[in-house]
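**Q** Heads up, here are the entries from Swiss-Prot:
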DISULFID  C28-C107  disulfide bond
TRANSMEM  30-50  transmembrane segment
TRANSMEM  71-91  transmembrane segment
TRANSMEM  123-143  transmembrane segment
TRANSMEM  165-185  transmembrane segment
TRANSMEM  200-220  transmembrane segment
Amino acid sequence: MSDCIFVFQIPFIVYSKLDQWIFGNILCKIMSVLYYVGFFSNMFIITLMSIDRYFAIVHPIKRQPYRTKRIGILMCCSAWLLSLILSSPVSKLYENIPHMSKDIYQCTLTNENDSIIAFIKRLMQIEITILGFLIPIIIFVYCYYRIFSTVVRLRNRRKYKSIKIVLMIVVCSLICWIPLYIVLMIATIVSLYTSNIFRHLCLYLNLAYAITFSETISLARCCINPIIYTLIGEHVRSRISSICSCIYRDNRIRKKLFSRKSSSSSNII
């Protein structure tokens, strides 16, 4: 679902990066909030997936009473609700601002720097750092350390296959998100502290291009996840191979029928 949110946002992100925002101030705020909702929800969902794999392999008996469809839906809805709550302050940070010319607008961080805006920037910095990265990464490391220790000890190949997809999704998500996280951290620090050191840092790093590049990498994750499911998931691979075998078999049957018709027509002649 978080991948669908990012795919839906791509046209709006393009308009924003081209400094040709034509959708008004309200939609600017909505798209900005949705961007962070997608970020937090992605991290929370893959964290829940890692915890689920941890209990399934390390504590399979303890997990059984809690592995129900109702609890799964409740946990996912809680992750999305928490993502929305954490992202809602972003609506105060982004504005539809005239850029260069009065006829051209840009959906970007507001130029205002009052106490409320400064507090929200610090709040988002803390949220992204602690809730968006540090806590999920600690959970990932602990869960997969215990999982691999258990799999190696039990020498259970089937359980190793069951965690392979989840681990690949987690690793790809981290690789795609970490560059954007670093750039956003630098941008937040630059916007909060306007000393000469950070002004020169902003000048030399050219944060606008860095943010665009890191956002492109983060959006690439939406394309990588289906490839992971296709290449690693045995169920998906078996379905694809069965479809391909059916197509191949149908083509062979058609060729045989065509050759028989050709031979019969030649005999008649």
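Even glycines carry a Cβ here, placed using N, Cα and C.
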**Q** Sequence gap of 6 or more, C-beta under 8 Å: which same-chain residues meet both conditions with respect to C107 (disulfide bond)?
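**A** In sequence order, F12, Y15, S16, W21, F23, C28, M31, S32, Y94, E95, N96, I97 meet the Cβ cut-off.
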**Q** For C28 (disulfide bond), just count the other CB atoms lying within 10 A of its CB, please.
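**A** C28 (disulfide bond) is surrounded by 22 other Cβ atoms within 10 Å.
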